[in-house]
Amino acid sequence: MNKSGKYLVWTVLSVMGAFALGYIALNRGEQINALWIVVASVCIYLIAYRFYGLYIAKNVLAVDPTRMTPAVRHNDGLDYVPTDKKVLFGHHFAAIAGAGPLVGPVLAAQMGYLPGMIWLLAGVVLAGAVQDFMVLFVSTRRDGRSLGELVKEEMGPTAGVIALVACFMIMVIILAVLAMIVVKALTHSPWGTYTVAFTIPLALFMGIYLRYLRPGRIGEVSVIGLVFLIFAIISGGWVAESPTWAPYFDFTGVQLTWMLVGYGFVAAVLPVWLLLAPRDYLSTFLKIGTIVGLAVGILIMRPTLTMPALTKFVDGTGPVWTGNLFPFLFITIACGAVSGFHALISSGTTPKMLANEGQACFIGYGGMLMESFVAIMALVSACIIDPGVYFAMNSPMAVLAPAGTADVVASAAQVVSSWGFSITPDTLNQIASEVGEQSIISRAGGAPTLAVGMAYILHGALGGMMDVAFWYHFAILFEALFILTAVDAGTRAARFMLQDLLGVVSPGLKRTDSLPANLLATALCVLAWGYFLHQGVVDPLGGINTLWPLFGIANQMLAGMALMLCAVVLFKMKRQRYAWVALVPTAWLLICTLTAGWQKAFSPDAKVGFLAIANKFQAMIDSGNIPSQYTESQLAQLVFNNRLDAGLTIFFMVVVVVLALFSIKTALAALKDPKPTAKETPYEPMPENVEEIVAQAKGAH
């Protein structure tokens with residue numbers, strides 16, 4: 001295509017995007033079609049990638065395709081494997097796309113579709129994709145080192161140890177929240193529990209099949225896996241309807257918690273080829289296939305958004321999560337716009353598979369844009385269902401139906417209707433029946449709500465093929481595999497971080513080839529996130545209300561730390577005139593997270609502040625005036641949970657401020673030095689036969 005043709009294409013895309021955004025903005029007080037949001041989003045993503053991503057690659061970072069990458073330099077067929085860019089894009093996307101882009105936008109829908117949509121689009125273009133791309137570049141230039149090692153190398157050993165401790169603590173919180181979403185989705189759901197449990201022996205079979213029966217036949221085993229996944233969903237319906245089998249898969253939240261802790265330990269110590277790799281194949285195909293199917297379904301169905309652009313809860317009084325639009329919307333959405341967790345993948349993991357530095361923009365910037373698109377579709381799925389159903393599913397049980405309520409559904413319908421979102425008990429019972437569940441009341445965590453929206457979209461788009469219950473449990477399986485893949489990989493990553501920390505005390509514990517050291521570190525990791533998971537599951541307010549804000553604050557603070565590192569590297573590269581690219585999102589993230597952290601820790605409002613909530617419930621215990629919806633032990637649990645969350649929030653705030661001071665100190669020192677001081681691996685030219693190397697490595701990979 002000639003230059004004028006290219007200009008015409010981008011002009012048309014710009015006009016389409018502007019028109020779609022204008023239509024959304026001008027239709028105030030009217031219900032609009034979800035298609036407008038999808039069109040506007042795709043146009044913005046394409047324009048951002050083509051222009052802003054390219055600007056960062058060429059001008060800010062001066063990406064050099066002739067420079068040898070660590071994957072080529074250390075090509076060992078194990079950790080360092082130069083990988084085809086399309087294959088690597090899939091691996092990177094599978095690693096970064098956890099629960100955040102699925103759940104955060106669903107929870108954010110409490111305030112209406114408009115605030116979440118704006119932040120998802122602006123945040124990913126200016127912050128999230130920038131972080132992923134720049135961290136990938138920085139790590140690639142330093143032999144694929146991890147985030148903590150990069151901070152240590154560029155800012156000094158003290159800052160490095162602080163960053164490593166913070167990364168481990170944040171990873172623990174992230175894993176606890178991810179696991180809690182699975183628990184909330186599977187509690188008292190025999191169909192869902194059976195289907196997810198079925199994938200464990202299936203993954204083990206696939207691992208043995210690939211290792212011993214048909215080595216290297218990934219496509220073949222993936223087809224087998226897909227067939228058995230469909231069988232698992234169908235047979236799950238039979239199990240749920242069986243009075244004999246259903247009780248064997250009907251578990252409480254606490255029972256599922258201990259099962260997940262045990263699973264997490266076993267999955268982290270088993271060989272990667274036996275469970276993790278096959279589950280990756282399953283989840284990657286399911287993720288990409290479902291995302292494409294959902295996008296096509298929205299195009300076919302063109303559903304109307306029933307959630308208003310702004311709800312009454314923008315004032316911070318919402319039942320799903322508490323706090324004003326600023327700053328809490330920005331920490332609630334989390335991964336769909338910007339995620340610190342991605343920095344742990346973009347450093348240390350993906351750089352060791354990057355065949356050419358010139359592909360970093362496609363993998364880093366492009367991969368994050370894809371995740372944001374997933375988040376947009378999650379937002380759409382949540383906003384097309386009846387708002388009354390949305391609030392009945394996501395509000396805490398203590399709010400909808402206090403302990404001892406005879407008719408929970410009727411009570412929930414009455415409470416939600418009093419908020420201005422009219423809903424009847426018959427409607428709630430009908431939806432529960434259609435999706436094959438005993439109840440949909442207070443199915444907090446976002447995942448069940450997303451599954452309901454997805455089920456109706458896919459059911460309608462395919463002309464009624466299979467019933468709604470099938471598609472609901474298909475969506476639950478999709479979400480569970482999405483999340484469990486991250487729990488598996490995250491537990492292993494946390495184990496490596498913990499072994500690095502334990503190695504400071506006892507060098508022998510740092511050895512990853514030592515079975516006792518591995519078992520000890522893994523046990524400590526799963527007990528750490530398992531503890532927070534248990535606290536969230538038994539929390540009378542649903543867990544999400546307290547743990548998700550802590551997760552959001554910690555995750556966004558980690559993103560701020562990663563962007564601080566990127567800004568420091570630009571100063572040390574003598575490219576400080578471009579440092580604004582990293583400093584602007586850093587400043588915004590620090591403002592949001594420190595404001596949110598301060599309010600969650602110290603706000604006197606008992607609906608917002610952790611300490612205020614703890615003091616309120618402690619006063620009830622001391623006075624003996626226990627509300628009917630709680631027991632004394634539940635109040636004691638709430639007091640402890642909130643005080644612990646306050647302590648962690650304060651710790652994360654101190655860490656990010658200290659690292660900000662180290663960043664300023666390092667940047668000022670770099671300005672005084674007339675020469676570049678960035679500690680990059682010395683330049684080596686890319687071998688001429690790099691394409692042949694990538695092709696050969698494909699088999700090893």
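Residue numbers in this text run from 1 along the chain shown.
Each residue, glycine too, has its Cβ placed from N, Cα and C.
Quick caveat, the model's predicted, so the values are computed rather than measured.
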Membrane side match, GLY216 / LYS574, Swiss-Prot record: yes
Among 161-181, 218-238, 373-393, stretch most in contact with the transmembrane segment (551-571) (C-beta, under 8 angstroms): 161-181
Confidence summary for the topological domain 'Periplasmic' (108-117), mean pLDDT rounded: 94
Tally of DSSP helical, extended and coil residues in the topological domain 'Periplasmic' (239-255): 10 helix, 0 strand, 7 coil
Cβ contacts under 8 Å made by the topological domain 'Periplasmic' (108-117) with residues that lie 6+ beyond its boundaries: 24, 37, 41, 305, 307-311, 313-314, 318-321, 325, 329, 332-333, 376, 379-380, 382-383, 390-391, 394
Cβ contacts the transmembrane segment (34-54)/the transmembrane segment (281-301), at least three under 8 Å, sequence gap 6 or more: yes
